[in-house]
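Quick notes on the structure that follows.
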Number of protein chains: 2
Amino acid sequence: MAKPKVFEKPTGLKDYLPDAVAKLRQIERDVLSCMSGWGYEQMITPTLEYYDTVGVASSTSDAKLFKLLNHRGQTLVLRSDMTAPIARVVSSLLKATDFPLRLSYHANIFRAFEEEAGRDAEFFQTGVELVGDPSPEADAEIVALAVASLKAAGVSRFKIAIGHVGFLKGLLDETLPDQEEEQSQLKACLLGRDYVGYREQLRQLSLEEHVRQELEYILRLRGGQEICEQAMKLSSNESAQASIRHLCEVWDALVEYGVSEHVLIDLTMIGDFSYYTGMTFEGYASDHGFPVASGGRYDNLLSQFGRPAPATGFAMKTNRILELLSYGEDTGGERVLIAYDRAGRAEALAEAQRLRAEGVTVVTERMGIGFTPPVQANGCYKYGGTVYSDFHRFDGQKRKEAASNE
Amino acid sequence: MAKPKVFEKPTGLKDYLPDAVAKLRQIERDVLSCMSGWGYEQMITPTLEYYDTVGVASSTSDAKLFKLLNHRGQTLVLRSDMTAPIARVVSSLLKATDFPLRLSYHANIFRAFEEEAGRDAEFFQTGVELVGDPSPEADAEIVALAVASLKAAGVSRFKIAIGHVGFLKGLLDETLPDQEEEQSQLKACLLGRDYVGYREQLRQLSLEEHVRQELEYILRLRGGQEICEQAMKLSSNESAQASIRHLCEVWDALVEYGVSEHVLIDLTMIGDFSYYTGMTFEGYASDHGFPVASGGRYDNLLSQFGRPAPATGFAMKTNRILELLSYGEDTGGERVLIAYDRAGRAEALAEAQRLRAEGVTVVTERMGIGFTPPVQANGCYKYGGTVYSDFHRFDGQKRKEAASNE
């Protein structure tokens with residue numbers, strides 16, 4: 001195996017230069033501040049977790065987990081989501097704290113093999129978990145907070161598609177009873193938004209024509225509240241109907257949150273985590289193919305950590321939002337370069353301190369051998385790779401000579 | 001091997017609950033803002049790096065690196081410092097950017113096996129690198145910025161001990177020529193601040209009495225600028241003398257920075273990284289055994305990444321500062337709980353939105369089955385695990401009934 005070159009980093013991993021970091025930090029700060037305003041308090045959990053606990057509960061496929069052994073021979077994973085680690089904390093360190101719990105996070109997340117699809121193997125998520133509340137209002141709060149968070153991040157045009165895993169499950173159990181493999185194939189098509197493949201699958205199954213039409217009809221179940229009424233007629237399965245009733249109540253609350261213009265019901269939505277048990281949603285920015293936020297209800301995950309409780313939450317895909325937003329303009333304030341010689345140093349450093357206390361960014365440089373004075377252009381000064389709004393020279397030696405010549 | 005219990009996390013790793021996170025985030029924000037005021041721009045590098053490049057350059061012993069294999073069979077490491085990754089970026093992505101470069105970071109760092117010493121296997125560092133400037137002024141800037149950063153973090157009483165790896169190297173080469181093992185043993189004692197062991201080692205070596213006295217005398221070389229004069233007399237070795245001259249110039253600049261009250265010269269200081277080549281320093285908070293900041297000059301590291309350049313920098317040990325500072329008081333502002341029934345919901349949600357826009361933290365709760373009203377105490381309201389400054393009820397149903405009874 002050829003050794004990597006000295007300047008290389010592993011594939012799928014990124015360096016973020018100052019302009020990108022400034023923007024990423026701004027998104028992080030604004031979104032966490034928004035979440036804090038809704039009463040969500042921030043947590044930090046370790047990057048490494050046990051494979052047998054959080055690794056398994058995270059429902060990330062084994063091939064996508066970064067695994068390593070500790071010196072005791074236990075398998076550790078780099079966290080592949082934050083929902084499972086927070087479920088662990090809620091069941092241990094926060095065991096004695098009453099529900100409902102509102103927790104937030106900003107964290108880096110890891111998925112091995114993603115680089116093969118051109119995706120990041122390490123990326124950032126900013127999200128919340130609302131634990132202990134089974135109500136449609138709790139789901140609506142999460143969706144409304146996702147809307148507020150996307151706005152806080154600076155995303156102006158987006159849609160959130162909400163669905164319910166129980167609807168599709170009920171419909172498929174009714175129309176394709178005990179045909180698990182066929183059900184899985186159809187679900188996989190919907191998860192990948194491969195509607196052509198979905199129709200193809202339906203044609204290949206030996207279904208009565210009215211059943212095939214029913215299953216094809218769900219592709220058209222996208223829209224506002226009227227979708228709930230249409231879906232109610234489509235299936236008499238009890239689970240499917242209960243799911244639609246829950247979704248209607250979420251919708252009603254979203255109308256009262258004043259965010260329904262951003263939301264549409266999409267009953268083909270099933271969510272990308274196997275632990276979802278109820279409402280799920282994905283947020284799409286206009287003209288952007290990948291979801292920028294996703295979430296849903298997971299009422300069975302907490303019981304895996306010994307404290308059964310209903311829960312709902314979402315994560316914003318912070319990197320994708322970073323890609324959406326333009327950056328590059330220096331949003332910082334005044335930036336001053338101060339150059340000095342040995343005799344002018346004390347005065348120069350004092351001036352730098354004074355300006356910094358006023359909030360000005362100040363770089364100080366000794367004018368030694370190799371010092372190249374800044375280049376002036378457009379009223380600014382370019383020095384090194386940086387542009388400065390002002391340049392001061394503290395030439396103590398020259399001043400002294402001038403004084404003694406007088 | 002027994003499986004870990006569901007609620008367990010790997011040893012040496014921590015969960016941070018909201019009070020600790022709030023404080024940690026505040027330190028992070030204040031220190032990065034201070035660094036930004038000195039012209040240092042923030043970078044983010046990946047958590048994972050190649051073992052053969054950054055892993056080796058980091059000078060962390062192999063046993064202390066968390067290692068894993070990627071699916072191509074390459075060995076990756078969890079970063080064990082930020083200096084080597086930044087050296088990699090300076091030599092690749094920033095290759096065309098002129099020196100001097102001023103870069104900052106806040107990052108989590110990993111050291112395997114640390115948990116055996118009761119230390120964290122994952123911890124936070126906030127630091128800077130100044131690349132491309134060999135002058136004593138550059139070293140002084142780093143020390144002065146360390147002073148400013150510790151103050152920004154809220155540490156009020158601390159001392160920074162500065163030394164120079166070249167002084168001890170010169171002195172030992174003069175007194176114990178070609179005795180590498182003996183030199184290493186003595187250095188190990190000084191690194192561990194084991195002065196008793198150092199004296200013991202000296203006694204066991206067959207040294208002329210005046211040499212033994214010279215080597216023992218360095219333990220007393222701690223203090224202000226007078227230490228430089230004493231050290232100059234101690235060794236006539238050229239490397240030792242050049243090191244002291246450099247340190248004197250750093251001291252002079254620190255006096256002009258106005259921070260010398262926080263600094264002492266300590267010639268037993270050699271720094272805990274093998275890549276240090278010049279001045280090194282450690283910052284100690286009063287009554288705290290471990291260093292809270294450390295740094296130094298590393299003029300040979302960049303050449304390992306193909307862009308030879310002098311460099312100097314420091315890292316603040318953010319977790320230790322978190323331990324130093326008291327926290328627990330809620331520094332947040334107003335926090336309001338709004339409870340509603342179905343008929344009062346629209347009004348309640350609108351009020352929540354209005355208050356949040358004013359900067360108030362608002363939690364909304366549906367008064368359904370299982371809702372327990374908050375407990376009032378000391379003018380506050382306790383609900384779940386949280387204390388609220390105010391509580392509003394939007395009882396729409398009752399109000400409607402009251403209205404219809406009139």
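The backbone N, Cα and C atoms fix where each Cβ goes, glycine too.
DSSP classifies A:Met82 (L-histidine binding site) as coil under the three-state reduction. As annotated by TrEMBL, L-histidine binding site applies to A:Asp81, A:Met82, A:Thr83, A:Arg111, A:Gln125, A:Glu129, A:Tyr275, A:Tyr276.
Residues annotated as domain 'Aminoacyl-transfer RNA synthetases class-II family profile' in TrEMBL: A:23-325.
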Across all the protein chains here, work out how many other Cβ atoms are within 10 Å of the Cβ of A:Gln125 (L-histidine binding site).
20
Through the lens of DSSP with three states only, how would you label A:Arg111 (L-histidine binding site)?
coil
What is the pLDDT of the domain 'Aminoacyl-transfer RNA synthetases class-II family profile' (A:23-325) when averaged and given as a whole number?
92
Of the binding-site residues listed (A:Tyr275, A:Tyr276), the greatest number of other CB atoms within 10 A surrounds the CB of A:Tyr276
Would you identify the secondary structure of A:Tyr275 (L-histidine binding site) according to DSSP, in three states?
coil
For A:Met82 (L-histidine binding site), which residues in the same chain are close in space, meaning a Cβ under 8 Å from its Cβ, but six or more apart along the sequence?
A:Thr45, A:Tyr105, A:Ala107, A:Ile109, A:Gln125, A:Gly127, A:Glu129, A:Ala315
Would you please pick out, from the binding-site residues A:Asp81, A:Glu129, the one with the fewest other Cβ atoms within 10 Å of its Cβ?
A:Asp81
For A:Thr83 (L-histidine binding site), just count the other CB atoms lying within 10 A of its CB, please.
27
